[in-house]
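Written below as structure tokens is the structure these notes are about.
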Ligand code: FCB
């Protein structure tokens, strides 16, 4: 294992681990859970690598005690998980399913008993299929349904949960789900994806109100903010990077923190631009003050003003902003084929801080790497590349904090190997290995490294 010095963090900095419901829970039909768009997507032949689905996943639904014990031994302060909407409301509306709520009730109690703060995310992509059938995020009504669901969960868990995350990565829900089609529901549409983006933001704003009304002390949203690099200094490539900046980052940051959609959005959306689904007053709801901003970071993205293959002109703009991603030559790549560039993490955070001085404190709600793990002859997983990835990204984070960025915590993605969406079980992000035949958990070297980092931080704080 590495002997390099461990990065250091301010006293009170929170260390955590993250997961998401569909990726780990399994028990797809247990206790009245209804189908979600990810059940439908993963059961559609040809969409997920290996034909995998989340029916069993890590069976966390039945093994959560074991997983909480792993978290306790890891020594984390906090655990980010997500609540599966279709367990709470199997068809996305109406009264709560008590058995579904009961699972999270027991999970929260187990976490608290282990001295770990529970941080639920209300939406990590598993929309009830019945709501998709009624229009999904294209429809404004879904935002209203989300607010209702939020109240049910907040009333059920709010006596013990103080920190809440509304949405995970609305970029992926709206654009990968409704334009690129590589996430559920697998739609390839143009303008409706923009409506989805707006309705997700509205859902966040309405849920924030509901959480406050239920007495939540801290509310935030998680965005996958991207570090966008222009492939060259040419004005055309720089303009492409700027358009991508609007699509990836500004479309969320500006309404959330500046009360308006980005100034150059019409130029970015081109023929798809259509604001008819936006109503007066929406921006006030969306822009309600937040207590923290969750940031997920994995890699930088390089874009160029390159031609693309999308034949459908209606789709071209939405797809185009994603398609011109260029390979970044030089750095090592993870099994996601993502380049490992830790400096980009520092740059992203410092730049964010400079551009949005009024931002609330930041929590890094995901960061990690998929690696080709193997169980070695000694029965262990020596995931040296993941250890290096985590060490270098935590060092990059420490550098950003030293440069003045107010980051209060870090959640590693992920506690467990799990269902990596369209990649099924073929990509492993866990610091704990899951054997998908036996469902046995095996902490990897990265788990032990992270445990030592947390312990060293505690010694420093108390010493
Ligand atoms: C993020 C998702 C998370 C996981 C990681 C690798 O986009 O939020 O569920 O799949 O990527």
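Cβ from N, Cα, C; glycine included.
Annotated active site, proton donor per TrEMBL: 169, in sequence order. Taken from TrEMBL, the feature active site, nucleophile covers 366. Per TrEMBL, the feature substrate binding site maps to 23, 124, 168, 298, 413, 420, 421.
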Spatial neighbours, same chain, of residue 124 (substrate binding site) - Cβ under 8 Å, 6+ residues apart: 20, 21, 22, 23, 82, 168
8 Å Cβ shell about 23, 124, 168, 298, 413, 420, 421 centroid, substrate site members excluded: 20, 366, 414, 418, 429
Alpha-carbon distance [the residue listed as 'active site, nucleophile'; residue 421 (substrate binding site)] in Å: 15
Pairwise CA distance, residue 298 (substrate binding site) versus residue 169 (active site, proton donor), rounded so that it is a whole Å: 13
Cβ neighbour count (within 10 Å, all chains shown) around residue 420 (substrate binding site): 20
Largest CA-to-CA spread of substrate binders 23, 124, 168, 298, 413, 420, 421, angstrom: 18
Conformational class of the residue listed as 'active site, nucleophile' under the three-state DSSP mapping: strand
Pairwise CA distance, residue 413 (substrate binding site) versus residue 366 (active site, nucleophile), rounded so that it is a whole Å: 5
Residue 420 (substrate binding site) and the residue listed as 'active site, nucleophile', Cα-Cα, nearest whole angstrom: 14
Pairwise Cα distance for residue 169 (active site, proton donor)/residue 420 (substrate binding site) [Å, integer]: 15
Per DSSP, three-state class assigned to residue 298 (substrate binding site): coil
DSSP-derived structure type at residue 23 (substrate binding site), helix or strand or else coil: helix
